[in-house]
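Contents: one structure, followed by commentary.
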Amino acid sequence: MGLRLLGYLFNLPTAVIYGSLSLFVSILHNVFLLYYVDTFVSVYKIDKLSFWIGETVFLIWNSLNDPLFGWLSDRVFLSTQQSGVKISSPDVILKRLKALSRNGPLFAFSFLAFWVSWAHPGLQFLLCLCLYDSFLTMVDLNHNALLADLAVSAKDRTSLNFYCSLFSAIGSLSVFMSYAVWNKEDFFSFRIFCVVLALCSVAGFTLATWLLRQRFETEEKVKWDQESTLKELYIEQPSAPLEKRITLGEYLKQLSRHRNFLWFVCMNLVQVFHCHFNSNFFPLFLEHLLADRISLSTGSFLLGVSYIAPHLNNLYFLSLCQRCGVYAVVRGLFFLKLALSTLMLLAGPDQVHLLCIFIASNRVFTEGTCKLLTLVVTDLVDEDFVLNRRKQAASALLFGMVALVTKPGQTFAPLIGTWLLCAYTGYDIFQRAPLSNMVSAQPKLESDTAWEPTLRQGCFYLLVFVPITCALLQLLSWSQFSLHGRHLQMVKSQRQSLTQSRSPEIKMI
């Protein structure tokens, strides 16, 4: 039975094993996004100053660690000819898999550090965020870089992304299960649940990376044997002049001339902000806009659907991408976000059914767009490879540079959201007393009639005006992006021809 299972695992397609890595990230990361702020604010009672200091330091580290880790990972690929070392595609893939096999389990263990109080809340908040994000960054960079390294054609990359979305949807089921054990007053069951999730993630990363490494180590061995056999048949090429090693400053100068990269990161900064704004404030919107109008089970259903539906919906978006192209699908999603938000603004906060649909669909389409943008970054990897005539595509480094500019949106989302809410309504999420107690403590003639409607109105305006603003800014940036259509096809064909032209010629026998 064990041998049969092992044989079945060995025969799984590479795309399935690659996609399964998304499962072992999403089962943890969705729970993290949903509960980490509430845990520190409501359970550990972090003070407002410590929260802001932690988020500010996290903002800096969150922005810098992506390009730092990307540079450490891919700097050798920018100067292979200078160093005299030839790096093949299987070598690159094995290097990334080794990094995943090491950092995946560490990422799972860092997830557990959030759910046990082991230091002052402010210090623990800071250390947990930075540690967790460091390992998540290493996992994301290498996983996303593999998407560009395993395939060049849009069809193959779409297939890889399809399985990522499928497994991410399965991983989102952890949100449904977490809702059943989440209890601020009794944290024990939730902690056990998190330990089980982390152990599943460790086992999954270990098995999936081992399977992929076995596959590509076998491929590399076959290739090595073929090269040894044909070595004396190669035409000796005149030695190429040594190239100057590319420094980080020179690489940044190259990126500053990469027009499509600049417009993409402008658009993606807004997208990252909107995605995390939805994640951070989804429970708040449910509580103050719908809590007294829908049942608890309906609220739980909306919460679960908002995490699972983006991945399932993305399966349909990927099929659209194959027919219409990623650029057209993303542009259509921006127009849809603008139209739905405008419609909700005109309808007002009293249309309960429409409000339920909008709150869920807003998160679904926003998260769906985020998943598609990984394909755009892989296209930018191809264009960077062609424009700068690289010896090997620096996939992880480019993903890191994208994150350098866009990751601040992840920290800006809770900071700007809480500031806007407090500025408009006077409601502070860090207040220790429940809102109902504060209302009752005020004079009846004023507070009962003014506070709650103002808070509800403030949540509603925050809900609709943020996506409207984001959509307008993104449509402006996306209209300047030219890496699509014929230009994209030309870039892909040039990358394939450049890669093939560097293979050694064989003497005629």
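Here the Cβ of each residue, glycine as well, is placed from N, Cα and C on the backbone.
Residues or ranges marked as transmembrane segment by TrEMBL: 15-37, 49-64, 106-132, 160-182, 188-212, 261-282, 294-312, 324-347, 460-478.
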Contact call for the transmembrane segment (460-478) against the transmembrane segment (106-132), three or more Cβ pairs under 8 Å: no
Listed stretch, out of 15-37, 106-132, 160-182, 261-282, that has the most CB pairs under 8 angstroms to the transmembrane segment (294-312): 160-182
Chain residues outside the transmembrane segment (15-37) and at least six past its termini with a C-beta under 8 angstroms from it: 100, 104, 107-108, 111, 114, 128-129, 132, 136, 139-140, 143, 146-147, 150, 159-160, 162-168, 170-175, 178, 182, 190, 194, 197-198, 200-201, 204-205, 208-209, 211-212, 276, 279-280, 282-283, 303, 307, 311, 414
Residue numbers, six or more beyond the limits of the transmembrane segment (49-64), whose CB comes under 8 Å of its CB atoms: 40-41, 121-122, 125-126, 129-130, 133-134, 403-405, 407-408, 410-412, 414-415, 430
Same-chain residues near the transmembrane segment (261-282), Cβ under 8 Å, at least 6 residues beyond its ends: 33-34, 37, 255, 303, 306, 359, 362-363, 366-367, 369-370, 373, 376-377, 380, 383-384, 398, 401-402, 405-410, 412-414, 416-417, 462, 466-467, 470, 473-474, 477-478, 480-481
